[in-house]
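Participant: Here it is: the structure, laid out below.
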């Protein structure tokens, strides 16, 4: 008798799952989410081609292009012989001293390549942080 | 005579103070609020949210003096007017406007297949919805609880204000608490479900996206998403409107306002009012504990779904994707993407996954808003 009551209670507990607002709604919801995003993927995938066609018909005007930011006067990051100038090294040393908890010694620095410069700012920061550093024993 | 008079006056005075009706539940909630403030200030856990919420919790648990409308639940109180924006779902769309004005969809546009990871993570929403139904919540309440898995505070508040206003405080606190705990919840699941070799997969840098693409995208994405899920029109509409302001290059002032002053004001009001709605009598209930448990389950399932779906995609892709970025599909912008970067670099310090993870991350925002729209449109009847 008790077992039958427990089984009945279990059945009633799961009963809402089989109503319209149960599993059918969950499945439908997932389908709608996936469908919307798959349609979005399809459209975005066609963007490069569509932009190419659009560019031929309506060339992108300067008005809608992002205004180029006023670039600061470039300071040479490296001297003619490829070594890093003293003031840049001082900045690197100050940044490392700020970022690292203990005293550190900069073992090696090198100029970033063009492709690395194109990567994100976060990547660059991490890259600098990843230089081999040795912590001095106090 | 004088002593009796003084005692009676002292008794009357006590009644006009909050000490007279202070209960243990209020004290517990005030301590919880202070812990939130401590975590935000001392540990930097989501300070922009936890400070307003924590202080709101303290304010909401100072017992009201009988006859004085003070709390968010008292008719005609000032707090109730401020709470109007939460109860009627006004603040979340405004937050979405600001988020749209901050969000850069370029990484998503440059690698569109990663959008699928944002969809996969929504499995957590719907599985938690089913779990809540089994635990005895009504379909409306279950829908509002399930959306915690979307890891999107404004979406959770918006949906619960529409479907289960009584649970709004618990759901909002659970959603924001777990968002603050993303760096704690996600890494073990990500590590458990991936091999070391998978975690070391490096992905190619994405292509450059033109200004024109970035302008056209919010308009087309809005049309596609809202045609398929009209219930998402409020959140998705504001998200993409904000993004259009940012990308169209001719409304810089509006975009700057949306992503700075406006979103800050709304965040203050939203956080404070949500906190103030957690008075002990409304919040300290068995349902709240269940909601916190289901919220943790929702986050874990959403994270696992994203990672596993990324592994599934790798079965068909020639250029493999790092499955860790699947975890960023849970939205929680940008914390989950940061967690992906962190876990990735623990395995390969030269591997930069942050920008790749931003694609499923922003796709997760869209996915959770669509999921909320579906649940709202189907359950509100």
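Even glycines carry a Cβ here, placed using N, Cα and C.
Grabbed the feature section from TrEMBL, which reads as follows:
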type	residues	note
TRANSMEM	B:20-41	transmembrane segment
TRANSMEM	B:48-69	transmembrane segment
TRANSMEM	B:81-102	transmembrane segment
TRANSMEM	B:114-137	transmembrane segment
TRANSMEM	B:167-194	transmembrane segment
TRANSMEM	B:215-241	transmembrane segment
TRANSMEM	B:261-280	transmembrane segment
TRANSMEM	B:287-310	transmembrane segment
TRANSMEM	B:352-376	transmembrane segment
Participant: Would the transmembrane segment (B:215-241) count as touching the transmembrane segment (B:352-376), i.e. at least 3 C-beta pairs under 8 angstroms with sequence separation of 6+?
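Facilitator: Answer yes, regions in contact.
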Participant: Report yes or no: does the transmembrane segment (B:287-310) come within contact of the transmembrane segment (B:48-69), defined as 3 or more CB pairs under 8 Å with a sequence separation of 6 or more?
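Facilitator: Judged by the Cβ rule, the two regions do not touch, with the required three close pairs absent.
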Participant: Can you name the far-off residues of the same chain, 6+ from the ends of the transmembrane segment (B:48-69), with a Cβ under 8 Å from a Cβ of it?
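Facilitator: Distant contacts of the transmembrane segment (B:48-69): 15-18, 20-23, 25-26, 29-30, 32-37, 39-41, 75-77, 79-80, 153, 173, 176, 179-180, 267-268, 270-280.
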Participant: Report, as numbers and ranges, every residue of the chain located at least six residues beyond the transmembrane segment (B:261-280) whose Cβ falls under 8 Å of a Cβ in that stretch; write 'none' if there are none.
Facilitator: 23, 25-26, 28-29, 33, 36, 48-61, 71-73, 79, 82-83, 85-86, 91-92, 94-95, 97-99, 101-102, 154, 157, 168-170, 172-173, 176
